[in-house]
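Asks: Can you read through this structure? Questions will come right after.
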Amino acid sequence: MPQAPSNLLILRLPSDCSRHMYTSILELVNIPLHDFLFAAHDVESHGAGSGGGMDQVAEWMQWRPDWEKESYTEHRDLVLMPVFALVFLSVRFLLDSFIFERLGKLFIFGFSGSCKKRLSETENDADYKTLGKFKESAWKFVYYSTAEVLAIAITYNEPWLTDTKQFWVGPNEQRWPDQKTKLKLKLFYAFTGGFYTYSIFALLFWETRRKDFGVSMSHHIATLFLILISYIARFPRAGSIILALHDASDVFLEIGKLTKYCGSEIVPSIAFVIFALSWVILRLIYFPFYIIWSTSYEVLQVLDKSTAQGPWLYYSLNSLLISLLVLHVYWWILIYRMIVKQVEARGKVSDDVRSDSNSDSDDDSAKETTTDQAAATGAEEEKGEEEEEQKVLDENVKTDIKGVQKWKTCSFKSFKDVDAHAYIPCLDNENYLNHLATRKHYEHRERHCPSEEDLLKCLVPLPAGYKPHIPWPASRNEVWYSNVPYDNLASYKADQNWVKKKSDKLEFPGGGTQFKNGVGQYIEYLERIWPEISWGKHTRVLLDVGCGVASFGGYLFDRNVLAMSFAPKDEHEAQVQMALERGIPAVSAVMGTQRLVFPSNVFDVVHCARCRVPWDADGGLLLLELNRILRPGGLFVWSATPVYQDDEISQKLWKDTIAVTESIAWKMLIRNSDSSTSIGAAIFQKPKDNKLYDSRKEESPPICHDNDNPDAAWYVRMTPCIHRIPTTAHSKWPAEWPMRLNNTPAWLSKSDKGLYGKTAPEDFEADALHWKQVVQKSYLGDLDIDWSTMRNIMDMKADYGGFAAALISQPVWVMNIVPINEPDTLPIIFDRGLIGMYHDWCEPHSTYPRSYDLLHANHLLGSISKTCKLENLLLEMDRILRPDGWAIFRDEVKVLNVVQEIVKSLHWDVKQMNTKKGEEILAVQKRFWRPHAST
């Protein structure tokens, strides 16, 4: 058989194949049929021998396409579009399988750099969903960048690139529609038409279906019809420019999304800015004012109105172009709303305005190309005049009172993965979570609150059969199953004795992954191997990371240790809710990208028992966060498989984690394995001063900048640096418990002004005395509160913690909240041996419904009402307060008059209302009432 020259085109077809489609293709690319040889292939005679069985190719045709050759556009040219659609389908499949998959795994699960994944004991399913989105965006980037390059190459030297009148006249005497089209432009049209044909198929059967599925499908169909009609009507000159305008914006969109999936922050921000600018310039300015102007006005100079075809094409084409413009405006509104929300969020990533019907899907309106680039806009300007404050209060009061009788119970039909009775607004914000660009740093477990306007105005229902909770201390061992109706942990952790389901109760044997002989034995073991831990004396406040059902914290009460337990709301179903139902301090939180909501240098001990936190990842970023909140000289107790197992994976994790502890100058005090359980622990100590930091051979991680406030913790991203230890008395260990409760912190200076106008030490002492008197004379005596049923208490504006300190003799614990707009007294509260956290009461709390028996609000609502709606705050209090629980308000009379109206509409009982010196005390009790259900 003769060999074909390398520059020849060969087409080989089965003998029974229809030649019609190929005839059209050949004529499109200007290859005369008589010069092209179809080689028939007889399958039956294949391999029959050298004498016959296959027809040989009789002739080879050399073909050099003339890209500049012009010819009229014809209907049969469109046969290439489905061919290109099949090509796109095949190419994407190959790229997805062999290139995008590998690149995505490299960048998302990665090995180094900013894209490094935090390793954990179990893979996070969200990473695989992110991988799918990465491949989708990678494909779109390849197409749009290729199409844009082709569009520029084809139109660069054409006169109609800069002069829209040339769409309709030239060259020479040609006038539309009697204009010919160059071969290269014909093929480009077939290329883009094939892509949008493929895109309709992909949107239906391949890609993630989003909330704007209908809009996206309309866009693809309108674009495909534009391509078809403009080609048939001989509009490809204008069409090529339209395609170039649109592809340019999409290139930057996909760049931003790809780099966002990788974990980058700077590149997505830059890409978003370019994307937004290009959208406005190309799609909202150039497209309507140049292109549509030309297709609707300039074309009239050559339009033949005497025929029916001319006006029909004119109106059809322009109707589709205007429809496309309407879609551009719609999408720009989405982008603009997102930008505004980011600015209003003061630096937080705001909720996107789209939602997916499939969780975890991304947002083509540029949501995923954004990060925290929106600058903080600052708090509202304070109004110094008293009459101005009253005016604001009055306006909010009118809003709060209006319609308070219209409560309904939330049914949450639109929430796929949320039980209405366990709803946490800032952790179950599906509209936001569905559009997260990445989840590899557990961003989906962090707070993402709905805006004040989007906050649901309904009451969270009770679980079926809900009962008054079992009192402490019996609740440590058992709770009503109907109150926390989840039993997956009972089977999932059956071999570890976390929790057992028996009849109508959940029982807690005091076991755990690391507590093979019970948590009590484990607590004794830790003190035995390191007596200086001295439970209940030297060690008083402890942070338990990844707490499970918080049995560790529950049994530490026996040792006078107050443990703050936290865990994410994840596949370990309702573990924090179980802890709170048991009467153990706990909150839903995660070590992800943001700082924990605690001040620096406050916890005596941080404990991790198989907490599944990758301490070695990202340069030890999470250990650096523990270093921030751990008291100088404080201990980190780590009980996990890397400590006591010798397998390769465990030892690698141990080695990598030790490298981090050494880099931040932590000292390993002991590494021990308990022979009775084969469980071990390692105890590390944070430096007591800065000498060890300053003597490090390598300054990696570096010391934090002076402007990096270590106590800033509300929506503040973790920083990979070491905060210097204070050189004041603040770095000294407090007195042993219980003396530290009433001791004035040594670092409170007489030169500092306190909350009430005196010096800070004087104010502290006056506050302690005041609350002792109030609690003894009023709360424990006059109010009709059954204190035997009180266990979980929240002081919503804690000041110095005097209220919690006054209750120390009661079998209760108090979560002390310091609002972010109040003076920061939380370090003082921790120094006293109490626990607390920062919070903004303009947003819902991160706790579960029915978490607390008593809510105490001392002069909180008056200040909140100046910036937020009292109605929303009282709705939140209704959510987190248990039925039969109490709320005590102390505020100005004018404020509590409004509160009384709202709580009555909630069917709370007003138990007491006293007025003294302009201050009113309002005591109310929540009941079991729930209204009819509503979505």
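Each Cβ is built from the backbone N, Cα and C atoms, and glycine gets one as well.
When I checked TrEMBL for this same protein, it listed these features:
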{"type": "TRANSMEM", "residues": "78-95", "note": "transmembrane segment"}
{"type": "DOMAIN", "residues": "132-344", "note": "domain 'TLC'"}
{"type": "TRANSMEM", "residues": "187-207", "note": "transmembrane segment"}
{"type": "TRANSMEM", "residues": "213-233", "note": "transmembrane segment"}
{"type": "TRANSMEM", "residues": "270-293", "note": "transmembrane segment"}
{"type": "TRANSMEM", "residues": "313-336", "note": "transmembrane segment"}
{"type": "REGION", "residues": "351-394", "note": "region 'Disordered'"}
Asks: Grab the same-chain neighbours of the transmembrane segment (270-293) for me: Cβ-Cβ under 8 Å, and only residues 6 or more beyond its ends, written as numbers and ranges.
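Replies: Contacts of the transmembrane segment (270-293) (Cβ under 8 Å, skipping residues fewer than 6 from its ends): 164, 238, 241-242, 245-246, 248-249, 252-253, 255-256, 259, 318, 321-322, 325, 328-329, 331-332, 335, 339, 366, 369-370, 373.
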Asks: Can you name the far-off residues of the same chain, 6+ from the ends of the transmembrane segment (187-207), with a Cβ under 8 Å from a Cβ of it?
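Replies: Non-local partners: 28-29, 77-78, 80-89, 92, 136, 143, 147, 150-151, 154, 213, 216-217, 220-221, 223-224, 227-228, 231, 236, 239-240, 243.
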Asks: Six or more residues out from either end of the transmembrane segment (213-233), which same-chain residues have a Cβ under 8 Å from its Cβ atoms?
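Replies: Residues packing against the transmembrane segment (213-233) from afar: 73, 75, 77-78, 177, 189, 192-193, 196-197, 199-200, 203-204, 239, 242, 313, 316-317, 320-321, 323-324, 327, 330-331, 357, 364.
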Asks: So what's the average pLDDT for the domain 'TLC' (132-344)?
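Replies: Within the domain 'TLC' (132-344), the model's average pLDDT equals 83.
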